[in-house]
Amino acid sequence: MNWDDETATAEERIVDASAEGDDQAVEAALRPKDLAEFVGQEKVRQQLDLVLKAARQRGATADHVLLSGAPGLGKTTLSMIIAAEMNAPIRITSGPAIQHAGDLAAILSSLQEGEILFLDEIHRMSRPAEEMLYMAMEDFRVDVIVGKGPGATAIPLDLPPFTLVGATTRAGLLPPPLRDRFGFTAHMEFYEPHELERVVCRSAGLLDVAIDPAGAAEIAGRSRGTPRISNRLLRRVRDYAQVRADGAITREIAAAALGVYEVDSRGLDRLDRAVLTSLLKLFGGGPVGLSTLAVAVGEERETVEEVAEPFLVREGLLARTPRGRVATPAAWDHLGMVPPQAAGPGSTTGNGGTGQPGLFGA
Ligand SMILES: Nc1ncnc2c1ncn2[C@@H]1O[C@H](COP(=O)(O)OP(=O)(O)OP(=O)(O)O)[C@@H](O)[C@H]1O
Ligand SMILES: [Mg+2]
């Protein structure tokens with residue numbers, strides 16, 4: 001099994017939740033700067049607000065914070081907000097950049113008092129670095145190893161108090177001793193459509209694009225619960241509105257623009273729809289094995305499994321069962337098709353001819 005986030009991406013997808021292409025430059029401009037500006041995630045915002053306010057009142061550094069959640073939900077944004085709210089400088093690094101304990105020691109020993117250390121993709125740090133981090137987080141101390149072999153000595157080094165902000169898309173991969181050393185863990189959820197509407201309106205304001213509420217709702221509904229996707233779709237819709245219309249975004253303009261990019265009303269793209277369509281049209285809604293489905297779609301098995309399926313499962317359009325992939329009633333509904341077993345009483349064509357009642361049988 002491959003746990004690397006970077007694999008299995010078939011092509012650049014407009015609905016991909018990870019940052020790509022020109023996202024990074026634009027995102028910097030669209031990032032909310034403080035907690036009040038940060039849309040949604042009500043619970044996380046309240047909890048974090050308390051943690052930070054309390055630390056400020058005590059004149060202390062805040063507890064270490066772990067941000068966990070899917071790509072594009074605002075982890076990097078929140079880390080910068082934490083620094084802004086604490087009025088502290090922030091140092092940014094990531095797990096893959098720290099391969100040796102020495103790399104981490106160098107960063108830790110150069111931190112200023114109260115500084116925020118943002119460690120992105122913390123689940124991808126090397127083992128020795130991780131162990132050094134345990135001690136640094138708990139005792140604000142590291143042992144720097146000098147020399148090699150039997151003559152090596154550990155020189156203890158005191159660190160100024162700092163706040164570690166770790167971010168991960170895979171909280172489950174964090175070893176428990178590391179997870180336990182965070183004073184506060186924020187679980188970021190996918191956003192509700194009405195929250196994404198606010199994200200879209202806010203970004204449109206910053207980009208100086210006219211948009212009406214229905215246009216914002218149309219983009220929000222196709223954004224897969226992810227602000228990064230909202231912002232990307234908004235930029236594509238802005239292009240369309242500028243070239244094909246008077247620049248203002250309405251529901252019709254948004255729907256037409258996203259039609260051009262093959263993002264449908266639920267945020268499915270060409271690949272997602274191809275998987276669903278094959279499942280329904282060729283296999284009567286399943287169950288069908290992953291490899292067979294992948295061949296039918298003309299994609300790699302991994303592409304179907306890791307790129308298309310997670311969202312289809314999350315949306316309740318597809319289920320993974322021991323007997324294979326199965327379409328849910330919502331899938332039939334979304335593609336405007338009628339499941340065979342619902343064709344009428346006495347129908348014998350139901351369920352792809354397996355003769356068994358469907359998993360979601362009438
Ligand atoms: N709550 C929010 N309100 C407004 N905009 C947001 C919010 N969360 C995220 N965004 C926007 O979405 C974009 C992506 O957010 P961010 O880079 O923080 O995601 P991330 O969780 O760090 O993703 P990754 O896992 O890929 O690192 C940013 O440009 C930011 O403007
Ligand atoms: Mg990030």
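Numbers run from 1 along the shown chain.
In case you wondered, yes, glycine gets a Cβ from its N, Cα and C as well.
Tyr191 is the only one of Tyr191, Tyr240 that TrEMBL places in the ATP site (with Leu30, Arg31, Gly72, Lys75, Thr76, Thr77, Glu138, Asp139, Phe140, Arg181, Arg228). Put simply, of the binding-site residues Arg301, Arg320, Arg325, the one whose Cα is nearest the Cα of Tyr191 (ATP binding site) is Arg320.
Residue annotation for ATP gives Leu30, Arg31, Gly72, Lys75, Thr76, Thr77, Glu138, Asp139, Phe140, Arg181, Tyr191, Arg228. The furthest Cα pair among them is separated by 37 Å.
Around Gly72 (ATP binding site), the same-chain residues at least 6 positions away in sequence with a Cβ under 8 Å from its Cβ are Ala17, Ser18, Ala19, Thr226, Pro227, Arg228, Ile229. Residues near Arg320 (DNA binding site) in space but far in sequence (CB under 8 A, at least 6 apart, same chain), listed by position: Glu309, Val313.
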